[in-house]
Amino acid sequence: MPKILDRARARVLDDGAGLDEAGILEVLQLPDEDLPELLQLAHEVRMKWCGPEVEVEGIVSLKTGGCPEDCHFCSQSGLFASPVRAVWLDIPSLVEAAKQTAATGATEFCIVAAVRGPDKRLMDQMRAGVQAIKEAVDIQVAASLGMLTQEQVDELAEMGVHRYNHNLETCRSYFPNVVTTHSWEERWSTLTMVRESGMEVCCGGILGMGETLEQRAEFAAQLAELDPHEVPLNFLSPRPGTPFGDRPVVEGRDALRAIAAFRLAMPRTILRYAGGREITLGDLGTRDGLLGGINAMIVGNYLTTLGRSATADLELLKDLKMPVKSLSATF
Amino acid sequence: MYCDRCGLAAAEGDHAACVTARQLEPPRYCADCRRRMKVQVVPTGWTATCVEHGERRG
Ligand code: SF4
Ligand SMILES: [Zn+2]
Ligand SMILES: [Zn+2]
């Protein structure tokens, strides 16, 4: 067994402490022949420190497109020649989406808006939307509305939003290659306010944007330092018209190495499959990731792209004997 | 008629990559007039609306 896996077994599996940046890098550099052993260890770590349950979530876009920011992977930026047009979802459709999500057995419903940060119109729409969902559907509501002020953090917590997503997207050293209209530190400061409010912190990013393996390790270590409740892991799905529209997709094996490495960096976090897994991993790879550190998934469609059918994913979980986390288990 | 993914004439050029991509994407351009449509994706489907040619669903 490679030495790094021996070390990880003692430190992460036995003691529940995450690997440091150097260790994460060693894992990311393991040759293909060590991949099965790596995935097996990451799976054991997940089972020991998180358990067999899988947290299932649905997401929906409340306000799509027309964003003033320039995140180079994003089809919703108004600064690129992307075909995505600006559109708002009305409250009845939002509630319907929450109902459909709950019907899959999902316990999380995340409302997302393509904005730098919320304005009054969006906060009003959120308040009405969260209230309408809470009256009609038994599901926990999360939100992702960009950078927040302290007042907005307090307001969302008071509305009953239980978790807030704000991705760092990539490591600090690579961030200026991805976004120029705001800084990594600005994102970090929103995350700090969210943490202090008592809302759960959800923070992840996208792999395959041109970062080196060293930078991937740096990112995992920075996330571990933040210690979020949940880490959504996306693989770049190159969007037409965006600056990253012509980038190659992440190789399945590299994606699996990254999943295992992130699990070994953060043994207790909810590590969620988010966008891009369909093209990067396909059906077989999706299964391998669930047996290699992943313990949560977004089911159904994403914000501007489509996913596998929720039924296919739920059948896979059944097949793997991984129960869907229930609402009672989340309190 | 136009390709509903890239908006170019459907009869010209190769849209095989568009067809593949469309399995994981809603349409963006109206196939009748190539206007960009207003598209709303929800967890279990999508709607795409052209001001001239109305709504499509999937
Ligand atoms: S802030 Fe969000 S919606 Fe706006 S461009 Fe960046 S990723 Fe896209
Ligand atoms: Zn085309
Ligand atoms: Zn039309």
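Numbers here mean position along the shown chain, with the first residue as 1.
Cβ atoms are placed via backbone N, Cα and C, with glycine included.
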One of A:CYS110, A:CYS171 listed by TrEMBL as binding [2Fe-2S] cluster at the site of A:CYS202, A:ARG272: A:CYS110
A:CYS202 ([2Fe-2S] cluster binding site) CB neighbourhood, other CB atoms within 10 A: 26
Residues among the binding-site residues A:CYS67, A:CYS71, A:CYS74, A:CYS110, A:CYS202 that border ligand 1 - Cβ under 6 angstroms, in sequence order: A:CYS67, A:CYS71, A:CYS74
Residues satisfying Cβ distance under 8 Å from A:CYS71 ([4Fe-4S] cluster binding site), sequence separation of at least 6: A:SER77, A:GLU169, A:VAL178, A:VAL179
Euclidean distance between Cα atoms of A:CYS74 ([4Fe-4S] cluster binding site) and A:CYS110 ([2Fe-2S] cluster binding site), Å: 18
